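Engineer: Right, I'll just put the structure down here and ask away after.
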Amino acid sequence: MTTLHFSGFPRVGAFRELKFAQEKYWRKEISEQELLAVAKDLREKNWKHQAAANADYVAVGDFTFYDHILDLQVATGAIPARFGFDSQNLSLEQFFQLARGNKDQFAIEMTKWFDTNYHYLVPEFHADTEFKANAKHYVQQLQEAQALGLKAKPTVVGPLTFLWVGKEKGAVEFDRLSLLPKLLPVYVEILTALVEAGAEWIQIDEPALTVDLPKEWVEAYKDVYATLSKVSAKILLSTYFGSVAEHAALLKSLPVDGLHIDLVRAPEQLDAFADYDKVLSAGVIDGRNIWRANLNKVLETVELLQAKLGDRLWISSSCSLLHTPFDLSVEEKLKANKPDLYSWLAFTLQKTQELRVLKAALNEGRDSVAEELAASQAAADSRANSSEIHRADVAKRLADLPANADQRKSPFADRIKAQQAWLNLPLLPTTNIGSFPQTTEIRQARAAFKKGELSAADYEAAMKKEIALVVEEQEKLDLDVLVHGEAERNDMVEYFGELLSGFAFTQYGWVQSYGSRCVKPPIIFGDVSRPEAMTVAWSTYAQSLTKRPMKGMLTGPVTILQWSFVRNDIPRSTVCKQIALALNDEVLDLEKAGIKVIQIDEPAIREGLPLKRADWDAYLNWAGESFRLSSTGCEDSTQIHTHMCYSEFNDILPAIAAMDADVITIETSRSDMELLTAFGEFKYPNDIGPGVYDIHSPRVPTEAEVEHLLRKAIEVVPVERLWVNPDCGLKTRGWKETLEQLQVMMNVTHKLRAELAK
């Protein structure tokens, strides 16, 4: 018989119950006991949903109050020593301080979990880090599930992935792999505690196997699993997010009892493991996207596997369902307005039922679930033939693009002369990245307008009032190139998604980004086009208030793609180019309306990098082409800006230069302009605006601090190509500190201009 198990489940609840309880607890509106009760209730509901899908094993240990890697830091005693906390007796309050910081210590750094949009808390390893086991988190959840009469499988991130996703800290140089001999006995203790609590199978997650691991890390798997296999539980080694075919010989040799592979992201790896002689868990339902599976097609694969493996076949989702929204059935608006699209989707609970159907078909025959299989096929057929998805005009436009469609008319050296001829900017021109503070009044007006409580005319008047204020304040500060402040935008992707065809939105399609923060990504379900102008009216109104140049503001195609649930029936590169052409229509309309400085933000270009470096070039080629397609066709005198905010550029600088934006603004203040050095060494050919102060803090920098950064920038970038700007948009700041911060920036700029003019 085929076994059905779950790898992990969303933590926050169908209606973000955990988020709201956490935030009430942080505001001291509920007690710790009340928060614990909400969490216990959510865990029970999650397990019951898994049991209702006829799961043989429910997942335990995956629930967390903040992040599963933070739980592991506590369980192994690897919490940062700088907090002075005892990992053996850590209070919930202290746990949250690790994640959020306190008055004495900054929070543990966050970064993205492999290539997902989930953020984990990065372990801080020192040469002298000591580990100490505390299995309470995992044991408690195992016992809770057992008390409900359920068979449970604890899930723990493995020791090599744990070390891999951490960072070396401290003055002493060392390799974190050297900590393995100290860490391994602690893992043995944790697994032993789980065995003593009744665990039969333990899932150990090693997604690090899907990235380019150095040889010594790969070799280490032999000793690690030789040691862990001595624990008297059965071990399911779980891999996901990509192919592990290159490690097939190693994985087959490890003394574990089963292996999980991701057959959604990497179906081609099945051939490498079809002869595996232990339990093979096939991840066949997508744990990272929201599309209903064609179960008949999936069955073709798993029936062949079952014929080979018999009872050794397990089935599951490709990875934890953490990355998908909870329940499609609550999306009543979507069902009413887009019934076809609704029928093509599957959120977490629907995916559990897809797995139930697959298990029944395998164990009892297809006839036992004939109705469900017919419904799955009908949805797949409807989607394949829908005129809502496939549009001949969009396909033709892409197909008819000439070979040089993504190239500007002239090289940068010619364009910058044409731009400067009319812009007539001083040395060290100043600008803002885009957004200004989103006040309570702005949010209330937007909410009232969406609910129909505020007329379109009144809403427009409220937004224009905010725009006028933003323009006036920038003029008072003497900024050179102005922005309109984006008062009308709730979110930099959602705003455009609502105005482009091929996008849809949910009411409750939340997924956890980190801690209590959840995001509700748009769904790109069909061919993308722009029915009408999206930003022209706002930008031209702002331009009418000033003689200074006004920047048009757009979110770039790659970022819109990365921060959405993307259709899986055509290549992502094709979707990205469709978005690019829709944005290009907007660029040309802005230009026609007299907006001759246009910014196309691409904060997510780096996030899209594939896990394996061999796949980088292909991605960077189509990502760069998409950006250029969005900005092509305009006159040389129109200046295209882009903005990027992340901490590592060196390895993709040629690709960034190939995007050929006239001006790039980047986040650099927190790294003390270190990032800029890479641009200098690379001899980045176009204009650069390094951020001269950190907008993530309300603190107003001193003039000396800003001057220090600007002087460092002048050492690296030719002064005639240097812009001055904050690190990022000002949406999350208050007005008071915003104006004070910008005033400091302007004072320093004026001082250095005077000095350079001598």
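Placed from the backbone N, Cα and C atoms, the Cβ positions cover glycine too.
Annotations per Swiss-Prot:
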- HIS696: active site, proton donor (ACT_SITE)
- ARG16, GLU17, LEU18, LYS19, LYS112, ARG517, CYS518, TRP563, GLU607: 5-methyltetrahydropteroyltri-L-glutamate binding site (BINDING)
- ILE433, GLY434, SER435, GLU486, ASP601: L-homocysteine binding site (BINDING)
- ILE433, GLY434, SER435, GLU486, ASP601: L-methionine binding site (BINDING)
- HIS643, CYS645, GLU667, CYS728: Zn(2+) binding site (BINDING)
Engineer: Taking the Cα atoms as reference points, how far is LEU18 (5-methyltetrahydropteroyltri-L-glutamate binding site) from ILE433 (L-homocysteine binding site) in Å?
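Structural biologist: Cα-Cα, rounded: 34 Å.
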Engineer: Quick check: in three-state DSSP terms, what is GLU667 (Zn(2+) binding site)?
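Structural biologist: Where GLU667 (Zn(2+) binding site) sits, the three-state DSSP reduction gives coil.
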Engineer: Give me the long-range Cβ neighbours of HIS643 (Zn(2+) binding site): same chain, 6+ apart, Cβ under 8 Å, in sequence order.
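Structural biologist: ILE433, GLY434, GLN599, ASP601, GLU602, PRO603, ILE664, THR665, ILE666, CYS728 - these are the non-local Cβ neighbours of HIS643 (Zn(2+) binding site), listed in sequence order.
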Engineer: Write out the long-range same-chain contacts of LYS112 (5-methyltetrahydropteroyltri-L-glutamate binding site), meaning residues 6 or more apart in sequence whose Cβ is under 8 Å from its Cβ.
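Structural biologist: Expected: TYR118, HIS119, TYR120, GLU607.
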Engineer: Quick one: what's DSSP say for SER435 (L-homocysteine binding site), helix, strand or coil?
Structural biologist: strand
Engineer: Nearest by CA distance to SER435 (L-homocysteine binding site): which of the recorded positions is it, out of ARG16, CYS518, HIS696?
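Structural biologist: Result for SER435 (L-homocysteine binding site): the nearest of the recorded positions is HIS696.
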Engineer: Least buried of the binding-site residues GLU607, GLU667, going by other Cβ atoms within 10 Å?
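Structural biologist: With the binding-site residues GLU607, GLU667, fewest surrounding Cβ atoms within 10 Å: GLU607.
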Engineer: In this structure, which of the binding-site residues LEU18, CYS645 has the fewest other Cβ atoms within 10 Å of its Cβ?
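Structural biologist: Counting other Cβ atoms within 10 Å of each of the binding-site residues LEU18, CYS645, the minimum falls on CYS645.
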Engineer: According to DSSP, does GLU486 (L-homocysteine binding site) fall in a helix, a strand, or coil?
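Structural biologist: SS state of GLU486 (L-homocysteine binding site) = coil.
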Engineer: With ARG16 (5-methyltetrahydropteroyltri-L-glutamate binding site) as the reference Cα, tell me which of the recorded positions GLU486, CYS645, GLU667, HIS696 is the closest one.
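Structural biologist: The smallest Cα gap between ARG16 (5-methyltetrahydropteroyltri-L-glutamate binding site) and any of the recorded positions is with HIS696.
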